[in-house]
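Structure record follows, encoded as structure tokens.
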Amino acid sequence: MAVPRAAKAGGKPAPAGQAAGMPVVSSESLLALKRRARRINRALAEKYPYAHAELDFTNPFELLVATVLSAQTTDVTVNQITPLLFARYPDARAMAEADPATLEEIIKPTGFFRAKSRNLLALATRLVDDYDGVVPGRIEDLVTLPGVGRKTANVVLGNAFGIPGITVDTHFGRLARRFGWTQSEDPVQIEADVAELFEPRDWTMLSHRVVFHGRRVCHSRKPACGACPVANWCPSYGLGETDPAKAAKLLKYELAPGSEALLAELLANTERAAEIRMASRKRTL
Ligand code: SF4
């Protein structure tokens, strides 16, 4: 892996003004990069002890389908339609026999519904034909299924099978570059670069924490650097708002101003975070 040019030793935030999305230049050994990366992971773990997969599921099949549906849309939208979808088609056999028009109607809110419907029907049929209707637990098999790439495969492995996986979605890729963990735009290369910095046992939770951070603090266009828990170790500090009061207003979800009660509830009940998130979303619908 090419060692990214990253933060200066000592963990001081680098000055603003670098090219968008890229860390400030300075040589950093692989060892120093690993130490800094792991420090960031520990800080994210302290900030988001309640981080978890934000797609709702009860078994590998549901997670696989929900992850396929999450392409080009939000987890919130997917979570709104999956209760009806899985009530109608609880397993691969039922989905393989679905009427395409009915399936399309149910998944329509997630966008690209015709292509997604075709993928789900083909996916369910392959599961029935080649895996006796059971979702396989190996990445080599998962990536051969219709509509399933490495990102989806790693989500399913990490969260439904407990097999470590790094999930490179748009948030993870952006933050990995901002952290100086990679310089690549290619998800497979990003996964390989980041895998070198962490032990496999950390991969799944690291993925959740980084995505949580990307959704709440380190946004694509307006990162809230002045309210960021990893600012001291981030070479891209200064890319966004650095004034603490202004940055705090950019925070989202449970970190947003006015969401203190939800945050306190999540921190007090980390193991029930998914349940609390679902209940809070229902309250706001
Ligand atoms: S919000 Fe945090 S992680 Fe994102 S660029 Fe700013 S300091 Fe770095």
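Note: Cβ is positioned from N, Cα and C throughout, glycine not excepted.
Note that TrEMBL annotation is computational and uncurated.
Matching 1-20, 61-80, 121-140 against TrEMBL, the residues noted as region 'Disordered' span 1-20. Each of R178, V217, P223, A224, V230, A231, S236, Y237, L239, G240 belongs to the same chain as C218, C225, C228, C234, is absent from that list, and has a C-beta within 8 angstroms of the C-beta centroid marking the [4Fe-4S] cluster site.
Helix, strand and coil counts from DSSP across the domain 'HhH-GPD' (69-216) read 100 helix, 0 strand, 48 coil. In this model, the domain 'HhH-GPD' (69-216) carries an average pLDDT of 97. Cβ neighbours within 10 Å of C228 ([4Fe-4S] cluster binding site), excluding its own Cβ and spanning all shown chains: 26.
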